[in-house]
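One structure is given here, and the rest of the page talks about it.
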Amino acid sequence: MLARSALFVHSAELAANAARAASGAAAAQPKKTGNRIKTFEIYRFNPEAPGAKPTIQKFDVDLDQCGTMILDALIKIKNEVDPTLTFRRSCREGICGSCAMNIGGENTLACICKIDADTSKSTKIYPLPHMFVVKDLVPDMNLFYAQYASIQPWIQKKTPLTLGEKQMHQSVAERDRLDGLYECILCACCSTSCPSYWWNADKYLGPAVLMQAYRWVIDSRDDYAQERLHRMHDSFSAFKCHTIMNCTKTCPKHLNPAKAIGEIKSLLTGFKSKPAAEPSAF
């Protein structure tokens, strides 16, 4: 009985030591000795760990051995220090919007955000604010994408069309109206910087989705502008925007969601109307 108890205690000690070693493995890293060592404070959260709570973990990166962008540092940390660090990324060119996160207090894309070369200050990296976190720097985008789907982002016609029978032409002026709208990459930087979206995401569509809604409302080839506007004619969908302008300030593509929302409000209140489609010259 005593031997069995001793064996149990010894096994428990081994398990505890193993747990401590595992928890410290991610934090352990070689001491950097270069001249340009930059500290990154990164949000960590693993929902699969029992009783998991968010923490901030520090990583030191030698900038002389790293690329110039935040995403370069994250990839270096994941490849060389902690393979459990989780984040989204794809194009590395500011096109796909996958690597959107909060860097130094501002929402932006990690692939086009340059590392602050001032090594006396650390750089703080968090997931996009006010969204559920899947793991580490990966936010849950399900609600955002569902809202995007709700605006039916495709051309809708009231006249029957046979694919390939004819083209839907636009004049130069009609096409110009889409500039500054279609370039949105749906990264959600603007929506997650908006206080109205923080507190009313279940009802307020948010800057990114509203800008895309306006893009389809104003498209001269679309015949369902009134129906699209009708779906937004309530107290929350568009009018919850209080023109704080965070969305326009933070957009990594330098678009102006606030202006698009203002145009939607003008259409909803009757101050403006959608221009009639120009007769085709083709």
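Cβ coordinates come from backbone N, Cα and C, glycine included.
Among the candidates Cys241, Cys251, the residue that Swiss-Prot names alongside Cys184, Cys187, Cys190 for the [4Fe-4S] cluster site is Cys251. Excluding Cys184, Cys187, Cys190, Cys251 themselves, the residues of that chain whose CB lies within 8 A of the CB mean position for the [4Fe-4S] cluster site are, in sequence, Gly97, Ile185, Leu186, Ala188, Cys189, Ser191, Pro207, Ala208, Met211, Cys247, Thr250, Pro252, Lys253, Leu255, Pro257. When the binding-site residues Cys91, Cys111, Cys187, Cys251 are compared by the number of other CB atoms within 10 angstroms of each CB, Cys91 has the fewest. Sequence-remote contacts of a segment are chain residues at least 6 beyond its ends whose Cβ falls under 8 Å from one of its Cβ atoms, and for the domain '4Fe-4S ferredoxin-type' (174-204) they are 94-98, 100, 107-109, 128-131, 139, 141, 143-144, 148, 211-212, 214-215, 218-220, 236-237, 240-242, 244, 246-253, 255-257, 259-260, 275, 277-278. When the binding-site residues Cys96, Cys241, Cys247 are compared by the number of other C-beta atoms lying within 10 angstroms of their own C-beta, Cys96 comes out lowest. The binding-site residues near Cys91 ([2Fe-2S] cluster binding site), taking a 10 angstroms Cα-Cα threshold over the set Cys187, Cys247, Cys251, amount to none. Figure note: comparing Cβ neighbours within 10 Å for the binding-site residues Cys99, Cys184, Cys190, Cys194, the maximum is reached by Cys190.
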